[in-house]
Structure formats: C-alpha cells, structure tokens
Amino acid sequence: MVVTFLFILGVVYGVKPWQEARAGSFNYGEALQKAIMFYEFQMSGKLPNWVRNNWRGDSALKDGQDNGLDLTGGWFDAGDHVKFNLPMSYTGTMLSWAAYEYKDAFVKSGQLEHILNQIEWVNDYFVKCHPSKYVYYYQVGDGGKDHAWWGPAEVMQMERPSFKVTQSSPGSAVVAETAASLAAASIVLKDRNPTKAATYLQHAKDLYEFAEVTKSDSGYTAANGYYNSWSGFYDELSWAAVWLYLATNDSTYLTKAESYVQNWPKISGSNIIDYKWAHCWDDVHNGAALLLAKITDKDTYKQIIESHLDYWTTGYNGERIKYTPKGLAWLDQWGSLRYATTTAFLAFVYSDWSGCPTGKKETYRKFGESQIDYALGSTGRSFVVGFGTNPPKRPHHRTAHSSWADSQSIPSYHRHTLYGALVGGPGSDDSYTDDISNYVNNEVACDYNAGFVGALAKMYLLYGGNPIPDFKAIETPTNDEFFVEAGINASGTNFIEIKAIVNNQSGWPARATNKLKFRYFVDLSELIKAGYSPNQLTLSTNYNQGAKVSGPYVWDSSRNIYYILVDFTGTLIYPGGQDKYKKEVQFRIAAPQNVQWDNSNDYSFQDIKGVSSGSVVKTKYIPLYDEDIKVWGEEPGTSGVSPTPTASVTPTPTPTPTATPTPTPTPTVTPTPTVTATPTPTPTPTSTPTVTPTPTPVSTPATSGQIKVLYANKETNSTTNTIRPWLKVVNSGSSSIDLSRVTIRYWYTVDGERAQSAISDWAQIGASNVTFKFVKLSSSVSGADYYLEIGFKSGAGQLQPGKDTGEIQIRFNKDDWSNYNQGNDWSWIQSMTSYGENEKVTAYIDGVLVWGQEPSGTTPAPTSTPTVTVTPTPTPTPTVTPTPTVTATPTPTPTPTSTPVSTPATGGQIKVLYANKETNSTTNTIRPWLKVVNSGSSSIDLSRVTIRYWYTVDGERAQSAISDWAQIGASNVTFKFVKLSSSVSGADYYLEIGFKSGAGQLQPGKDTGEIQIRFNKDDWSNYNQGNDWSWIQSMTSYGENEKVTAYIDGVLVWGQEPSGATPAPTVTPTPTVTPTPTPAPTPTATPTPTPTPTVTPTPTVAPTPTPSSTPSGLGKYGQRFMWLWNKIHDPASGYFNQDGIPYHSVETLICEAPDYGHLTTSEAFSYYVWLEAVYGKLTGDWSKFKTAWDTLEKYMIPSAEDQPMRSYDPNKPATYAGEWETPDKYPSPLEFNVPVGKDPLHNELVSTYGSTLMYGMHWLMDVDNWYGYGKRGDGVSRASFINTFQRGPEESVWETVPHPSWEEFKWGGPNGFLDLFIKDQNYSKQWRYTNAPDADARAIQATYWAKVWAKEQGKFNEISSYVGKAAKMGDYLRYAMFDKYFKPLGCQDKNAAGGTGYDSAHYLLSWYYAWGGALDGAWSWKIGCSHAHFGYQNPMAAWALANDSDMKPKSPNGASDWAKSLKRQIEFYRWLQSAEGAIAGGATNSWNGRYEKYPAGTATFYGMAYEPNPVYRDPGSNTWFGFQAWSMQRVAEYYYVTGDKDAGTLLEKWVSWIKSVVKLNSDGTFAIPSTLDWSGQPDTWNGTYTGNPNLHVKVVDYGTDLGITASLANALLYYSAGTKKYGVFDEEAKNLAKELLDRMWKLYRDEKGLSAPEKRADYKRFFEQEVYIPAGWTGKMPNGDVIKSGVKFIDIRSKYKQDPDWPKLEAAYKSGQVPEFRYHRFWAQCDIAIVNATYEILFGNQ
C-alpha cells in the first residue's frame, strides 16, 4: 500500500517571539540536581536507603494485594497518590532519553547515579506490573477516592484497587509506552546492571507484542477522566518500536515503527500529521519522528519534526504557537511549562543532530534556552520549587503540604520543600498565583519534569553551573509531631477528672500508629500518709475514644510519685483528618472519700492548673510514648525507674474462625494461634453547649411545632467557594402541610458582594420543585448579612404528619467563584456532617416563623404561638436572584431572510474552536464545547457575537439548552433554537449561542476560554448526530471547526453554513456591509456554573442519570419497559442510595430475608445487571450495563482488604460444626476430630487467576449503615457487609441477630457475636462472607443475554470485559456444587472419611458457599453446601458457561464442570416434578445438617436424600410459589435457546399446571398461587421420570405478588416462543402471559412503579417474636440495644421505632388489625420491566 502524506511548507517570520537567554543566566547544575531530586519525593513503596530526605517514608505497601500481587514501587503521579502508568511510563522513557542523549552532562554534574536510580526504580515497578505476557497492571489507586482526601502518602487509608489490561480487555497505548520505557532503560542501564537491562528488554519485547497484537484501548478505562489516551495508540507503537530498535538493532522494529506513521494524529479535516500539539504523555509522535529522522535520515520524518519545531518557534503555514507577553510558548492552561520545556528538549536534541538544517539550528537552540530560562526565572520569578528567585512555596501537593487535618488550609504553610518540582505554569498573560488550591497552574507532576530534566542537562553542557555538594533535603521539624493537650473537667476534695487529647501531627515522615500511650504523674503522699495504699485509687472514664486507663504504677517510691497509664494501643491515630489525628479520653482519678487530694504537687498538673473547665493546653508534663519510645514531654526526675508497665497479660488463645453462611450455622477452620485483643470501648461524646443570643427585637422560636429542620453540613472547610447545606424538613405536627407554604432561611455572610447562584443537585421531592431566593439584610448583624430563602413549588406536594421531605441537596456560590468565610456564619455548624436539628436554620409557614432562631438584630419574621394570630412581615426584595432553572423554548424562532449566498468569511475577525464531548452518534444529549477566538487586531464586544451549531432535530420536540460552565460566566451565555424554513443536508435546526453584556470585550489574540454547552429534547428522545452538519465525531480536543459558524452583528465572519440553508449576510474584504440585525436572543437557561471547587472535591451525590429516551420503533411493551426504567432511575423514587447501590425496597419498614428495607442483597444486584442488559438491547446504550456491573464489583464482591485470604490449606478447608434443627440448640460445638474432605478447586483457581481472593458476591449489605457496624467494623462508613441467618433451617428472619461480617469484638458480647453460633474455648477476630448462588447465576445469565444482544448490534467490544467478569464469577461459583465439608455423596456418618476431590461434587447450585478467615490473614477457610433447592438452579447460566465461547471460564475444568452441572440440574427438575406438574423442594447430602442416617424409605437422587424444604422451614421454603416462577423462567430461557427436549417436556407439564391454577377474574383482576401444600415424595431417581404418582401439590392461598407475576409471565413467554421455534406453538401460554401483563399494568401503576396492597399478618412478630439468646449471654447492638435472653425482635432493632411507618404498624397491632402496606421492591420492579421488554423482544407488537 502506498501512503501519501501532505505537508505544507512553513512560513518563517522575522520577529522572534521569545526573549533570548543570556549565557549563564542561572546555576544550571543546581537546577538539574534538584529537578532529578523531585522524583525522590514522588516515590511510592518501601524506600531504599539512597533516598536523600527525612520527610518521605514507606507508603502504599499493600498495592496490588487486591489481585494477589506486589505492585509496590513506582511514582505517585502528581500532588495526589494515584499511580497512573501512562504518564509514569512516558516519564520513564523521557528520563532515559535524557541520559541517552546527554550522558556527559549527568557524569560531569555528578547526577548520573541519581538519574539512573530513578530510571531503575520506576522500571522495576513496571516489571512488577507485568506478571504474565498478556497481563499488565496499568493503574493503582482510585482517582475519586484519592482526591477526596488531603494528607501525606505515608498514612493513606483508602482502598487502592489495581487495574489491568488483558488480551480480551486491552490497552495498547499504556502497554506500548511501558515497552518504550523498559527498552530505553535497558540501553542506559546496560553498563551499570547488564542482567537487569536484559530483563527489562525481554519485558519490553513481550509488552510490545501484547500492544501490537491487540491494537485497542477498550480495556483502559480506570484512568478515564484523568489520563485518557486521546491520541490513540499508534503513536506509542511507533515510539516503542524505535526504542526497541535502538536497544536491539533489530530492523524488524524499525519497519514496525515506520509502518504506523500513517496512523499518527492528523490536523483536523486533513491528512497532515499534527504539528501543533506538544510531545507529551498522551502524544509521542513528535519524539518518534525526531528519532526516526536521526535513524533513517529520511525527509519525511525531518519535515514532520521541523514543521512541529517551526510552529513553536518562527511559525509554520502562517500559524504560530501563542506566546505570552514575556515570552513563554503557551499551549494550554494545564501544565503550560511542561509543554514548553519538553518542546525545548526536542529542539535541543534535533538542533544537536548534524541532519538539522544549518539555518534552523540556532533558532531551535535559542528557543530552547529561552523556555528553560523562563521556567527558572527570567521574568523575575522562578517556577521551580526551591530554586532561584521567588520560587513557588505552596504547590498543590498533598505530601509536601503535609496536612494532619485533611485540609488545604491546615497548616497555613507547607511543612516540606518539594525541591526541583516544575509547577504547571502561568496563564497566557503570564499571570500566576502561588496558591495550594490552584491545581491548574500550581500542581506538579512526574510528566511535568520529564522533558525539563533533559533540557536542563543540555543547558548545563552549554553554560555549566555548580550542583550543591552532598545536597540533601534534610529538614528540621517545624512543629511538635506528637503531643498531649490536657485540662480539668472537674475536681473535688478527693478526685480530679482530666480531659486529655493525644495528637499525632507527624510529618518527618508522617506515620500512623496504634501504640500511643501517655503517663499522668501524681504525687500520692496525701493518700499514703492517710494510711491508704496506692491500689485504693479508683479509675474511671467518661468520654473515651479508645484508651485503656490503668494503674497507678510506681515511678519513684521514695517520693511517692506514681503514674496513671492511658494506653491507646489498638486505636489507630494518624495525621489524616480532624477525627483521625487526635483522640480524646476523659478519665477520673478518685481517692477514698475522706482523703484530701492535693493536685498542686502532682507533676502532670503543672500546666493545666487554672485551665477553665472543658479547655485544654499543650503540656510537656504528660509524656507520650509510641511503642514504649518517648516521643513527647518530660518525665519527673531521674531518681526512679521508668519502665513501661504491662498491667495485665492477655494469654494467646487458639482461634476459632467462623463463617457466616446464609442461612446456616457457621463453619470453622483449623485453628491457628492468634492474640485476642481487648475491644476498644465505644465513645460517648459530650454534647457541645449551644449559645442562644438575645435578639433585639426578640424573635421567638415557634412553640406550635408544625415543622422543624434537619441539617447536614457538607462543606467543612471554613474558607470555601461553595456552601453546601443539605436539609430535610420534618412535619412534627398532627396535620399535613402544603410545602408550597413553607420557606427555609439559611443565614450567612457574603464576604464580598457578588452575584450568586444556588442549585439543588438532587432532592427526594424533586430538585425542580425547590426554589431559591437570595435576600440581603437591610443592615448586617452578627453572623449574617444575607440569607438564602429555600422554597417549594406546588409539585413538592403535601408533607404528612411524622414524615420528612427526604434529602434536599443544596449548594450555592458566587458567580465569580470567590470564597466565602463560613467561620462566622449564623447557620453553619462545622461539625454537624450528619443530619441533626439546627435551630439556626429557620423555617416559616406563610412567612410566619415556626422553627428556629433568627440572628440577633435582624428585623424578625412574625412568630407562631399557640394562641396569637400573627400577620407576616413581608420579605425584603432580594438583591440577586440567579436561581438556575432550565427553560425550554418549544416554539422555534423563524430563520431571518437575507442574501441567498453563503460564503466563508475572509474578514477573519473571529474563529471558533470546537471540542465534541458526545461521541455516540445516537444520543439524547448533544455536547458541543466551544471557544471563540479573536483573530483580528481590535477588541470585539461579545454581545455582538453569535454562534450557530447546525443539526437535525430527528423528531420535532421542545428543546432546552444550558451552559454547565463557562470561563466568561455561564450566566452570560444565551441560547435560541431556530428552525430552518426548509431542511437541508445536515440540518433542519440550528442552536444560536449569544452573549450578554457581562461577557465583556474579547481582546485581539485572546479567546473566551471554555464554554461547556449541552442541549436536549424535553422528552429526552434521541438525536442522530451522524448526519449533523456541525458534528465532528473525532474532534474530542479543541480544533477549528468551520461548520460551526460565527457572526458579528448577524454577519457571517467564520465558517461555512450548510448548502441550501437560507444564509446570513457575509463579510467580504472590500464592500461595506449593512448587517441584518439578529432578533434579541431568547435564553433557554439561566445556568449555574460548576467548575471544580478550589478547595475540596465535590462530594458524591445521589445518582441523577440522564433521563432515558424511548427509542423509536418500540411498541407498547417496550415503551412500558422504558417508563418503568425511568421510574427506577428517578432519584425521587428512591430505589438507589447516593452511591448508586440499589436498596431492597424503597420503603424501609419491611421484614423479609433482609430485615430492613434499606439493606440490599446480591439478588438485587443481579436484577440490576439484568435490567441494564435489557436496556442495552432496547436502546443500544451499554453504559448503564457497565455501570451496574462496576457497582456490583465495587460494593458487593469483597475487596482484597475485605478478605485477607493469605493462609488457606485446601487439604483441610474447614473445621466441622454440626447444624441443628432449631436456634435454641446453638451455639454448635466445634468438633476437630470429624474428618473433612479436600477442596479440589482452590489450586486450579489460584493458578488460573494468580490470586487467592474469591470472586463472588456476599449476599447481604447494610447500604446506609443503619445498624452501625460500618465497613470493616469502623462503625461509621456506609455500605457494610452484614449477616443475619446462622442457626439452622428453623431460624426465620424474625429470630435472627444481625451481626457484622467483619468481627472485631466491638459489639455483641466479649466475643462479639461468635459464641451465639459456635461453641469453642477461644474466639478470634475474623471475617466471613456467604454467597447466594442463585444471585451470581442470575447475573451471569443476564450477562449472557447482554453479550448476545451487543453482538447483534456490533457493540460486543464495549462489554467484552464484563462478559469476562461473568465467566470468572462462574468459575468461582463452582464452590456451590460441592458438599459443605467436601464429604462424598451419600455420606450418612459425620465420622466417615472426607472426599478426595470431585467425589464430593453434587454439581447442583446449593443454598450457599462461604469463606472467611482471620483479620490478620493468619488462617482462612472455605465451605460448600450440602443442601440444594430446585429454586436455586439455573440451567441457562450453566449452558452459557459450558458452551458459549465468550462465556467459558478460564480454568481448565470450569467449562466441563458446568456441562456436568447442566445435565445434573435438568435431571434434578425432572426428578422433582410432581404428578400435577409443579416442582417439589430438593435434596440434601447431610441429613439434619449432621450427616445422619436417612430415614428408611427416603427417596434419593445420586445418593442425596429428598428434602421437601431443603433451605428454610419457617415458613417452609417450598410453600412459596415464587420459586416455581423464578426457577422455571430460567428453564424456559434454556429451552428457547437450545430446544432441549427434556426441558421442553418438563415445561409442557409445568405450564399445563400453571394454566389450571392462575385466575383471570371477570372483573379484570387476577390472582396467582402464593402458598403451596405438598404431600408424598418423588420416586428414587434412576435416570427416568416415573411421573411421581406419590408426589402431590395443592394451592392453598392466592395473591397478587407483582414481581412473581412478572417472572411467571416471563417463563410463559420464553416457553411459548420456544414452542414456536421447535414444535407446536403454545399461543395460549403467550396470551396468558400477555393478559397478566396488561392487567397488572392497568391495576397497579403508581408514581414510583407498580405496587399492590399486601396484608402482613406476620408483622405481629415485630412485637411478639422472641429471639433466642442463651441464658446468661449479654451484649449490645451498635446503637446500645441490649441483647439478652428473652428479647423480642424489636428490642434489638429499636431504630425501627423512628421509621415513618412505625406508628401505623403499632396502631394496627394494638387494635388487633392486620396492617396493609404497598412495597416497591427493587427486584420486583426490575422483573416487571424485564418481562414487558421480553414480550417486545419475542413477540413485538403482536
């Protein structure tokens, strides 16, 4: 193939845009030295001894453990702590290139060792990231979590997941860039370490092959939003091949490098290789061209690199890079200096080469010198930290700042100097602010220094300089790192109570410790003189954040000096946040009553005497110790000994790990010795006194109590550009209130008069129903000169008694984003980050104050009293009301008529830069981001400018537009939709963008900055951008787009209108044009700008997805799916929490398997995946499916931190504990002598996936931490794993004790909850998870269909990685196929030998599998399950895993095991089919859960005994009709896909029974079975179905369970469609399903989906059901509920009494009535949506 490149000859200008450097302007040796040292401050992992500073320590030592790897090492990216391998490997390559080109400079300056150290350090890390040929880990750390915390690297506590690319989920750009780094490193390290260089080279070759074979970045997703590979991967393929050629001299690589040149980035709309952008982490083609030019001497490459360097120097093709007034070549606001200095390096390297034209050598060199000198300070200030004149002192860098308080403002200075760091650089006008929050101009990064180092090496060769001899960054601490503050709470004649706070503000380096303790010294002379012993002192604590107080201990007996030991061992204290770096204890020391205590002679009393109660001072007389080493304070004298006492020794027990299966007794592992720690007491905080000012005139809070306000502060920094008060309004009265009568006032100081904007990001009542008004007070008062008035539209509805509005998320800001100071604001309570009553946020009904206290001195609103009627005071007129509300423009403005010729402008006054931010052609939102450039010579008033974006509307609808953010102010941007008089190619509409006068003047050579625009149709139906005139799909970065036209005074001055459009007038070079005025623009939105905040990142808010469209061509049932899908995703419905986790139900008072509605289950997550798979089928949008899987993986699959599974013996997987019929037989004793079998899966899975971690969902999660256990037992974080069922098949949900999966003995009794379930001599801290196999199988089933449908659409590549995850989940799901203790099938004696492998496999999907282990990783265990219910089987998933090439698991036996399981499952159904056709219960391999002998005559299935209710028995598991519908739907799908005859026969009989029992009533209602009654048993299975004449079923109760109705209909539809494919069409089954769908839809729709009334007679068990607790056992729930013998269900769940539905339930119980509720269960809504889509897919509009 012949490839033609188009090059345009450059134009050389005569004026140099830069200031020439003076020879030897700076000490380049010192600059080079420090620029290299910068990388020492970025090092992650265990630091080597050659590091030259004392403030960096080991960090991120667990990186990679989530995948069973050591991924420690490398560099942190910037001022954060994520390891992004794309910019990191680019940096590694650039440093090696510097050493390759300018080795002499490094040798002469003494810096060669230091740069080679860094090259070796980073490439060693890359080797770790490449554990096998086609696996590469490209990122460690989560950008969102990392950026949400501000603190030093050494004490990070957040999860740091690792992300990989593979053959099926590739990332060619990052893999090839890493190959380049390793190849380049192999060259420069060859002399120093030839063995390591050879290793690097081999990895480079393998990685290059990986990148080249895959040629895709589809798997490179985790870095999106941070380091997207915008330029693609072909530039990296060339770049890496060049370095491999240089390393190997193998011409094959040179050929490869040249072959990809044709694919390098092009100038938009042309075939010209891009020459404008800089060589950087994303785009390395300019560097590749330079090296290819030097290697080949070909003109092609010379011209590429010279056009680039010409553009950056004298100009090329009439264009030149922008220069600042002081001479910086300025490319972009982000890292302007990194681009300029890297281009300088390329200029140096190319000008050094003999092939560079003589006339250009000096030009390029002088350019390079000027840019480096600019960075070093030629303008009067240095941009390199720690170098030169006026250098940056406050870079945006967490570890250098070293905050202990998770705050950019604490401390107010940087504790460390980040020597050598090149900051981002100035704006285009040379402006620069040295501020920690200025991450645009003042952040640093590895890639910023990457080209800078090489350029400095060249400057050193040119001009010399003297590195500082033996330079090290050894610092003297600027503050006390550890100290104690103390004060007196109270004192009396015989006691003193001390309030003490231990502080860890360490920074040299920062360190976390859980071994702090202090000594409080006392003189006991008075006590001893009175005849008492020191041991008669009494010690007690009040508020305690984790200390153990003991003593007294002798210090100096001759002087009667003793000390009290306050030991925080076990409590982690680290410089990572307000509640992390300090811990408080309040302890009392009391002598006997008649002893007169004299505090004045106590050594530790010296500094605290006279301190007012509640206050503290720093005191050196209370010494502090870290692991017995004194780190603070002074001890009294030296006459005594100072041992660190051990008051009591805890013996080392033998651990007894326990599992948490659902629902079954807890299994245990072989014990390993583990220390049992003393649990940390739960703190009881003291309340903060509230000061109530006396106002004048008096404003009295309401006493009528109609409403009150709950407040949560979501911005804890006092200095901030955004205030975030989140609110809930509570109706505390007895009658409903119309919310449109209610207003709320938030009082604050504006701190600089500006226009302001407010918005509700999300509100349960609907954000669009919330209004805002800013009101300026007539005169300022203490704490306020403004208030924000929050009101409600009529759509907010009525607020019922005892209810609240739900969360209302509010934020407001000044339009110029300047800061507020909240510190003195009346309504702000810094510490109230969770909801509580705030009386300083006032509430009004009809303008009358009914809640709270207005600030003193305001003219108060009227107040409400029980007797007086008050006339409301009118609200003052607000000074600013910029509330953003999107306003649609349904009626288009006609196109103005003018001259019928459209000629591109030649006047050149302005041009438009465009970036496309929506690359999908089919979308419901168009996102053109723009910049307007003044390319003329005089300023332009932007109010005269309009822009037109031309497109096709694709279905006439009202439309809305908004600017989310604009540098000129989003409120200054206007919009108007204009319909063309007749359609033309590419357009029937244009969006006209205009500017208000506030946008100001646009100066010559300047641009407006970014204007972020999006528009949509008001019904959110789709556009098809594919044929739109203005849309350029590939232009995702800014470039000139002449199809976006621009006008001044209505005259076309830029771009080309579509052919045939009635054009605007145009400007030509000579005639004078009378412009046609454009009608005044009609704004369609008054937007609120939302740039990144300057202090802290925006917190996560409730998910607010873009409303989905109804795709064109859908019939009635597809439209139903879309309607319900939107209801489920509408935040106002309440199906998800703010993290995107689906609740079990919208309603909270509900008790089923989860005992609270806002828990969730793996079942809900599996339905979530299924719902979004169907959404992808109907819309072609697979992003929602991916989000569902990502959320599932993030929250429901335990992470590496959640499951430290490091020590597991598959030959002894667990210790036996029997199951018992009823809870009162528990705890179950461990029996160590009972044999258990071998686990045959473990080694195979570890070998396949390289990890000991399990990949399956735990079944139960406390989404919002309702119980209070927290994630991994921290007590506070939401989304925590919990468990309930533990004690045999008779333990109903009403008899469970909810407990944490992460057991640290913090709650429950002394052994946590373990000794309720397992009897042992000793108990150890441990974790336990339980998998519900039917849920994992459903997620796999759904993913199979997603795969099929995505392939039909040609979009399989979008979800291929998720199909791989489903296959992996299926690999691990095989544990459900094995007996609990791996006993052979038919085992009827617990003492019989265990299985030796697959002889323990029953191949069915059992009730659960479970795994667990010690918190410290010392031991682990796994179990299967002996009990299998037909309702858990999933032949559809089994078939996919056994037969589908994309779904087959990777392990050697995975697919074959699933093939056996598929056959066994179908036999299981046939064995259990009753004479009538319904399916009976299941089978067990462990009779009574203890491997007892089967009763005589029991039917068997492959040696397993028939069990009517093989799972739970209260109520009997197979009395519930739901299992029939759920399970047979999967059989029907399997039949539809395969035509399997056994499945068809099974279904034919089952469907016949269904038709006979479903009721379609004449009044339009329906009923399906709800409760079944069983008799008899099946015949023993011999491979043939006998008809089971002795197994019978009766329907004993009916209902309208909507979710099960949907699942039943789904089964009927797939069966019917299968009969149409493979036999005689059962249209009756289809019609029955359709009738059920139609009746359900007609009868039960509501505002949140579909719901039917449910009578809940079982709810009396809230009050009556005793939860069995053994006599004498006592403990506590996290909220303080006492657990003891005799407690009822509600006694240990007292928080239910706060539920809004509790009064209704309680009233019904007291009156003897059966309460009735409506529920919106997440799984049921999904089932209903899915079945409607199933009808659409299978039968269309029939």
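In case you wondered, yes, glycine gets a Cβ from its N, Cα and C as well.
Annotation source Swiss-Prot lists signal peptide at 1-23. Residues or ranges marked as region 'Catalytic 1' in Swiss-Prot: 24-476. Taken from Swiss-Prot, the feature active site, nucleophile applies to Asp80, supported by sequence analysis. As annotated by Swiss-Prot, active site applies to His396, Asp434, Glu443, with the evidence given as sequence analysis. The domain 'CBM3 1' feature in Swiss-Prot is assigned to 477-637. What Swiss-Prot records for 634-703, 855-906, 1059-1113 is region 'Disordered'. The compositional bias 'Low complexity' annotation in Swiss-Prot covers 636-651, 858-872. Taken from Swiss-Prot, the feature region 'Linker ('hinge') (Pro-Thr box)' applies to 638-702, 857-905, 1060-1112. Taken from Swiss-Prot, the feature compositional bias 'Pro residues' covers 652-670, 680-698, 1066-1108. What Swiss-Prot lists as domain 'CBM3 3' is 906-1059. Annotated region 'Catalytic 2' per Swiss-Prot: 1113-1742, in sequence order.
Known features from Swiss-Prot, placed on the structure.
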{"residue": "Asp80", "record": "active site, nucleophile", "DSSP (3 states)": "coil"}
{"residue": "His396", "record": "active site", "DSSP (3 states)": "strand"}
{"residue": "Asp434", "record": "active site", "DSSP (3 states)": "coil"}
{"residue": "Glu443", "record": "active site", "DSSP (3 states)": "strand"}
Active-site residues: Asp80, Asp434, Glu443 - member with fewest neighbouring CB atoms within 10 Å: Asp434
Spatial neighbour of Glu443 (active site) that is closest, considering only the active-site residues Asp80, His396, Asp434 and their CA atoms: His396
Nonlocal residues around His396 (active site), in sequence order (Cβ under 8 Å, 6 or more apart): Ala78, Gly79, Ile436, Ser437, Asn438, Tyr439, Asn442, Glu443, Val444
Rounded Cα separation (Å) that holds between Asp434 (active site) and the residue listed as 'active site, nucleophile': 18
